[in-house]
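Copied over from TrEMBL, here are the features:
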- 31-51: transmembrane segment (TRANSMEM)
- 57-74: transmembrane segment (TRANSMEM)
- 86-105: transmembrane segment (TRANSMEM)
- 111-132: transmembrane segment (TRANSMEM)
- 144-163: transmembrane segment (TRANSMEM)
- 183-199: transmembrane segment (TRANSMEM)
- 206-222: transmembrane segment (TRANSMEM)
- 228-245: transmembrane segment (TRANSMEM)
- 252-276: transmembrane segment (TRANSMEM)
- 334-356: transmembrane segment (TRANSMEM)
């Protein structure tokens with residue numbers, strides 16, 4: 001018996017599990033998306049953490065995952081195919097403009113590195129476009145799965161070292177150092193996506209209830225006001241898009257109206273204390289000092305080039321202080337032209353979702369993600385750089401993509 005026949009008989013044994021090529025491709029696509037999420041899961045060595053990961057090693061893991069994603073997507077997208085996409089074209093235009101503006105940056109190497117990272121990030125997203133139209137919402141479910149993995153690590157850290165995890169009375173991720181604002185962001189998006197999937201009839205009630213009930217305490221412990229408000233507005237808009245089509249949505253809205261009315265009367269002082277976060281009136285009105293940084297950015301002298309193209313990609317800080325506004329951060333880095341491109345990206349997805357996408361789960365999910373990103377963009381940075389926000393805006397763009405599917409019809 002030849003060696004080929006022996007191998008064939010081994011492979012044909014009844015006890016051997018055979019994985020179909022389609023399933024292997026799907027797993028690799030999920031792995032690519034996971035690497036992209038790890039890439040934007042910035043390693044913060046100054047944040048509390050219990051696993052002694054050296055700062056350079058942690059940053060290498062996060063930043064190196066983008067190269068892994070690029071290699072993996074080339075192995076799964078063979079021969080190379082991409083779908084024409086206005087959104088990805090605009091993102092590529094933004095990356096190109098960022099590269100041009102970074103050529104005159106004060107810190108040239110750092111700006112060029114961030115521009116190159118953004119360019120590669122967008123290219124990987126473009127190579128994933130063949131999987132945008134899958135009926136099983138592969139990318140959305142994959143994103144949600146990895147969000148739960150991140151939140152699971154946060155909860156494990158809370159049980160392992162509650163004192164360290166609740167530093168400054170805000171919940172940190174301490175297995176992998178994650179600041180409270182990011183933990184709140186991941187929890188809010190997970191809650192929102194889970195809720196919309198359930199309202200659209202794509203998730204069992206029990207699974208959705210357990211998931212949401214488990215994630216709400218995580219969000220509340222982070223004391224992240226932006227994430228909470230953005231999530232509530234996003235779910236409200238997504239629910240309104242399903243209001244006439246789904247009875248469960250109408251019942252949920254009625255219950256929610258009663259719940260929030262009673263809650264506002266019974267626990268108004270508790271809610272006010274949580275929202276104030278121990279800050280006085282001045283700190284609240286100044287958005288924890290953000291407005292002072294914003295005023296300084298607007299007052300900064302600029303040449304015509306710097307007004308149009310900005311100062312080059314930075315770490316979204318100004319004089320050592322975080323900018324914490326996508327629009328002012330974009331204006332500072334890539335100028336008015338970059339801002340215009342960024343606004344066009346958001347408006348394109350929003351307009352297509354509102355006026356060209358038929359009523360249904362894809363439209364509702366897209367509206368939630370766009371609404372969340374827009375609300376959060378006023379006090380968070382990210383839509384103009386490789387970040388979770390750009391990843392989620394791309395998810396929204398994939399949901400409203402209307403071309404006939406050629407890949408993953410299942």
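Sequential numbering from 1, following the chain as shown.
From the backbone N, Cα and C atoms, a Cβ is placed for every residue, glycine too.
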Where else in the chain does the transmembrane segment (228-245) make close Cβ contacts, counting only residues six or more beyond its ends and a cut-off under 8 Å? 184, 188-189, 191-192, 195-196, 199-200, 219-220, 252-253, 359-360, 363-365, 367-369, 371-373, 375-376
Near the transmembrane segment (111-132) in space but 6 or more residues beyond its ends, with Cβ under 8 Å, are 29, 32-33, 36, 39, 63, 66-67, 69-70, 73-74, 77, 80-83, 85, 88, 91-92, 94-96, 98-99, 101-103, 105, 138-139, 312-315, 385-386, 390, 394, 397-398, 401, 406-408
Positions on the same chain near the transmembrane segment (183-199), where near means CB under 8 A and six or more residues out: 140, 143-144, 147-148, 150-151, 154, 171-173, 205, 208, 211-212, 215-216, 218-219, 222-224, 226-228, 230-231, 234-235, 238-239, 242, 246, 248-249, 252, 361, 364-365, 368-369, 372, 376, 380, 388, 392
Quick one: do the transmembrane segment (86-105) and the transmembrane segment (31-51) have at least 3 Cβ pairs under 8 Å, skipping pairs fewer than 6 apart in sequence? no
Contact call for the transmembrane segment (144-163) and the transmembrane segment (206-222): at least 3 Cβ pairs under 8 Å, seq gap 6+: yes
